[in-house]
Structures are given as C-alpha cells and as structure tokens.
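Annotated active site, proton donor per Swiss-Prot: HIS89, in sequence order. The 5-amino-6-(D-ribitylamino)uracil binding site annotation in Swiss-Prot covers PHE22, ALA57, TYR58, GLU59, THR81, VAL82, ILE83, PHE114. What Swiss-Prot lists as (2S)-2-hydroxy-3-oxobutyl phosphate binding site is GLY86, THR87, ARG128, and the listing cites sequence analysis.
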Amino acid sequence: MNVIEGVVATPNARVAIAIARFNNFINDSLLEGAIDALKRIGQVTDDNITVVWVPGAYELPLVANVLAKTNRYDAVIALGTVIRGGTAHFEYVAGEASSGLSSVAMNSDIPVAFGVLTTESIEQAIERAGTKAGNKGAEAALTALEMINVIKAIKG
C-alpha cells in the first residue's frame, strides 16, 4: 500500500497571498499569521512570498486565477473576511468567493488555500484571526504548504 502525505517545510516554495482590503482590521492579522507560518514553519523566504491586495473578498477568485495562470507560484492563499449583515449580500459574497476559489484550484492544478472567514459577527472574526480560535491565516498557509508537497508527491 502506498501512502502519500505532505510535509509543511517547503523552503523553495513560491507562494502568492491574495488578500482583501475590506475588513482589513481583521485581515491584517490573517496576513501576519500566514506570513509567520510560511517563514517560521514552512521556511519560505521573503523573496518567495508575494502579497496582492484586492478591494474585497468577491475579487479574490479573479486575482487568484490570474496568479495561478502566471506559473510563477506553487500555491495561492486567499485571505479575507465576510461578516453577516442584515441583507443577503453575505450569502452572495461568501458563496461566490468560495466557489470561485475552488474553481481556480480545480482548473489550475496548484493549491488555492481558503483563508476567508465567513462569520456571524465581528467578534467571531476577531476570534478566528488570532485570539481564541487560532489564526485562520496561519492555518491556510500551512494547508497550502502541505498541499504543494502532496501534489508534488502524486506527480512524482
């Protein structure tokens, strides 16, 4: 039986981070967590990390797609925060961001890590950006690194 598992130490990985500016008071913490995980745990160098700011979570799939198509990156990490309000806007933005990023991953053959918080409140978002519930930006970075190695192992 063959078992393929990825490791997170990936010193030569080239990683792009697409991050939404909207809700940046939360997203800045997600970015800090992602960069810390890439550098400290993944051993990725500054030169191999590219950060691209976009207006909001809805724009993340387009930019992730463009980044993936450049063939300059081994993975893309998407970071953002969508907080439920009093209208259906939350469902549209969260759903399209999720489905769009999934589509990019499926069509590009590189990992697209989903670090977009979809929360009921600002408090929940803050908890997931580095307080009570860990840092989902760091988790997305570790997912991206592990998936880079899983895909490399599968392809041989």
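A Cβ is built for glycine as well, from the same backbone N, Cα and C atoms used for every other residue.
Feature map: Swiss-Prot annotations on the structure.
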residue: PHE22; record: 5-amino-6-(D-ribitylamino)uracil binding site; DSSP (3 states): coil
residue: ALA57; record: 5-amino-6-(D-ribitylamino)uracil binding site; DSSP (3 states): helix
residue: THR81; record: 5-amino-6-(D-ribitylamino)uracil binding site; DSSP (3 states): strand
residue: GLY86; record: (2S)-2-hydroxy-3-oxobutyl phosphate binding site; DSSP (3 states): coil
residue: ARG128; record: (2S)-2-hydroxy-3-oxobutyl phosphate binding site; DSSP (3 states): helix
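Closest in space to THR81 (5-amino-6-(D-ribitylamino)uracil binding site), of the recorded positions given as THR87, HIS89, ARG128, is ARG128, taking the CA atom of each residue. Distance noted between the C-alpha atoms of TYR58 (5-amino-6-(D-ribitylamino)uracil binding site) and the residue listed as 'active site, proton donor' is 11 Å.
Cβ neighbours of ARG128 ((2S)-2-hydroxy-3-oxobutyl phosphate binding site) (same chain, under 8 Å, six or more residues apart in sequence): LEU117, THR119, GLY134, ASN135, LYS136. A sphere of 10 angstroms centred on the C-beta of ILE83 (5-amino-6-(D-ribitylamino)uracil binding site) encloses 19 other C-beta atoms.
Between the CA atoms of ALA57 (5-amino-6-(D-ribitylamino)uracil binding site) and HIS89 (active site, proton donor) there is a gap of 12 Å, rounded to the nearest whole number. Around the Cβ of PHE22 (5-amino-6-(D-ribitylamino)uracil binding site), the same chain contributes PRO55, GLY56, ALA57, GLY80, THR81, each under 8 angstroms and 6 or more positions distant in sequence. Distance between Cα atoms for PHE114 (5-amino-6-(D-ribitylamino)uracil binding site) and HIS89 (active site, proton donor): 20 Å, as a whole number. When Cα-Cα distances from GLU59 (5-amino-6-(D-ribitylamino)uracil binding site) are compared across the recorded positions GLY86, THR87, HIS89, the shortest belongs to HIS89. When other Cβ atoms within 10 Å of the Cβ of THR81 (5-amino-6-(D-ribitylamino)uracil binding site) are tallied across all protein chains shown, the result is 28. Looking at the residues that bind 5-amino-6-(D-ribitylamino)uracil per the record, PHE22, ALA57, TYR58, GLU59, THR81, VAL82, ILE83, PHE114, the two CA atoms farthest apart are separated by 17 Å.
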